[in-house]
Amino acid sequence: MVPVYHFLWLGAFLFCAGLMVIITKRNAIMVLLGIELMLNASNLNLVAFNQLHPAHLSGQMFALFVIIVAVCEAAVGLAIVLRVYQHYQTSVPDEVTDLKD
Amino acid sequence: MENGLSLTLDHIFSSLFELSPEVILSIGILLVIVVGLVKKDHAITTLLTLLIFSFSFLFVLSDLDTLQQPLLLFQGMLRKDTFSLYLSALVDAAGILTVLMSWRNQREQSHLQEYYALIITVALGAHLLVMSTNFVMVFLSLELISISSYVLTGFSFDKKGAEGSLKYFLFGSVASAVMLYGISLFYGFTGTLEFLSEEFLKNLAGNITPLFFIAGLMVVSGFLYKLAAAPLHPWAPDVYEASPMPVVAFFSTVPKLAGIGVLTRFAMTLKMADQSYDWQSILSVIAILSLTIGNFSALLQKNTKRLMAYSSIAQAGFLLIGVVAFLPQGIHFMLFYATVYVAMNFVVFIYLQYFEKNGFVTIAEFEGIGKTFLWPCVFLLIGFVSLTGLPPTGGFTAKLFIFSSLWDAYQLSGKNILLWLLIFGLLNTVVSLFYYLRIPYYAFIKNRSINITTNILAFENLFGLVLVLLILLFFFSPGLLMGWINKITFVSVIRFPLSVIG
């Protein structure tokens, strides 16, 4: 069996990669991608930790729930990006700056 | 095996009966959408939403009256106790007030049934979040609130609305992803997702590492995001400015109540499990930051909605003080503060909505309108005085209570950070005086001749009068409300249940 540490390193890497994508990429679609990476990092963690605590399957069940919620979030997010595009003709959040102090 | 399964099913079935307010809200969401499709009449949809919230409110109140001891529902997913019921009652009250406010707002008329369905969904999420004792439930109900809120922000259907919901969405989904990673680490440490269980505490106590500290911060930050507390507040002003006024009033109360509820439970657990990291000081620093950033940024604002956004960030700091005390009376006074906060916030927002409809958006535009709109401005003044925390309003009593609990906590633990929090809290109350009273100052003191015919304000004034009387009542006899709140035992917030139904 693959030791659990490998999964945890992969999870941590995915989380950091997701955060990097969110911070550096300018396009809202890329930010959405980064969020998916972060959510999947947590999924990987949950499933891997379930190996350490095999009495219940709660970690794997949680991962299933997270997948569903991530889909809902992406759907709403894309709809919002589309709406912004209709108004501003861009999907780059930096160029959408009507609201500020 | 089959026997076990039928027992489980019985338990789930009997749990459902304990959950009548939430069942009503869930059915209500579907009902509002269906009725909205069949009948295009706005009055019927509004009335139906009002009925749904009122029924849920009444059921919560009757539960609050009869509940003997905390109940654990759905095999430890939810926990129904007096603390969660009280917050649920407040959420429903805020829901009722929001529907009444929306009644007067003409702008949402195009998609009214979706609008009400989303409002009820957020309220349902708040109900579930304050009851959650399991991380799965915490995540699901938090997302229920968040995803509906992203859509509600855009309900003004204009350019600003789209931008507001984009910003809210980007901030919010990153915050929940970070929180989820923290949760996954906690699952790894303890092997259980039930954060109030004995197992969780036991496994955590043997596992205090810097990684635990980071995981704790990650989870807390998810709750602070909902609360709009300081390091995670930048979304609030933009979102508030973009949203329609009833939605702003709703956002400034319901997600905050839900966030403070779950944060209280979780912070208690952290503090019990962990002696090496000082969570009390960490939360104190967050409260100080919220108070200071909220109040000082509000000084510079010109738009009324942005002003209220920063005000709500500062108020989140005051709510946090009640949690920071980590004392039974701290939690009681936090609930008292939350109740007064709901009342005074809605007084202010109902009139801001009315003035916004008449074209008064920036603070300078309020110049000299005090004579034309005498009663609206007087009620608005009382709302602002209460938010500042001056007598004779409930806001004063609430602030007095919450500071006294902080003082008790300081005397008990002798931590300097608590004294600093007290000092910052008092100083910030003075600072808040300047911006809260700016609108009444412009309205009453400055002179400008305006010729606006006043429309009939009967509805707003009735709504405002009831809430203003409530605020004054909280000042003159706080014992009435405290009698209710004192029923909430400290044990019920953190310790676990003595009985499991089914």
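Using the three backbone atoms N, Cα and C, a Cβ is placed for every residue, glycine included.
As recorded in TrEMBL, the features of this protein are as follows:
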| type | residues | note |
| --- | --- | --- |
| TRANSMEM | B:12-37 | transmembrane segment |
| TRANSMEM | B:44-62 | transmembrane segment |
| TRANSMEM | B:82-103 | transmembrane segment |
| TRANSMEM | B:115-132 | transmembrane segment |
| DOMAIN | B:132-412 | domain 'NADH:quinone oxidoreductase/Mrp antiporter transmembrane' |
| TRANSMEM | B:138-157 | transmembrane segment |
| TRANSMEM | B:169-188 | transmembrane segment |
| TRANSMEM | B:208-227 | transmembrane segment |
| TRANSMEM | B:247-267 | transmembrane segment |
| TRANSMEM | B:279-300 | transmembrane segment |
| TRANSMEM | B:333-352 | transmembrane segment |
| TRANSMEM | B:417-437 | transmembrane segment |
| TRANSMEM | B:457-476 | transmembrane segment |
Contact between the transmembrane segment (B:279-300) and the transmembrane segment (B:208-227) (3 or more Cβ pairs under 8 Å, separation 6+):
yes
Considering only Cβ pairs within less than 8 angstroms, which of the stretches B:12-37, B:115-132, B:169-188 has the most against the transmembrane segment (B:247-267)?
B:115-132
Quickly jot the same-chain residues contacting the transmembrane segment (B:115-132) by Cβ under 8 Å, restricted to those at least six beyond its ends, or write none.
21-22, 25-26, 28-29, 32-33, 36, 45-46, 48-49, 52-53, 56, 73, 77-80, 83-84, 87-88, 91-92, 94-95, 98-99, 102, 108, 138, 140-145, 148-149, 151-152, 155, 250, 254-255, 257-259, 261-262
By a Cβ-Cβ criterion of under 8 Å, what residues six or more beyond either terminus of the transmembrane segment (B:82-103) are in contact with it?
21, 46, 49-50, 53-54, 56-57, 60-61, 63-64, 67, 70, 115-116, 119-120, 123, 126-127, 130-131, 245-247, 249-250, 253-254, 257-258, 260-261, 264, 331, 335, 338-339, 342, 346, 349-350, 353, 459, 463, 467, 484-485, 487-489, 492-493
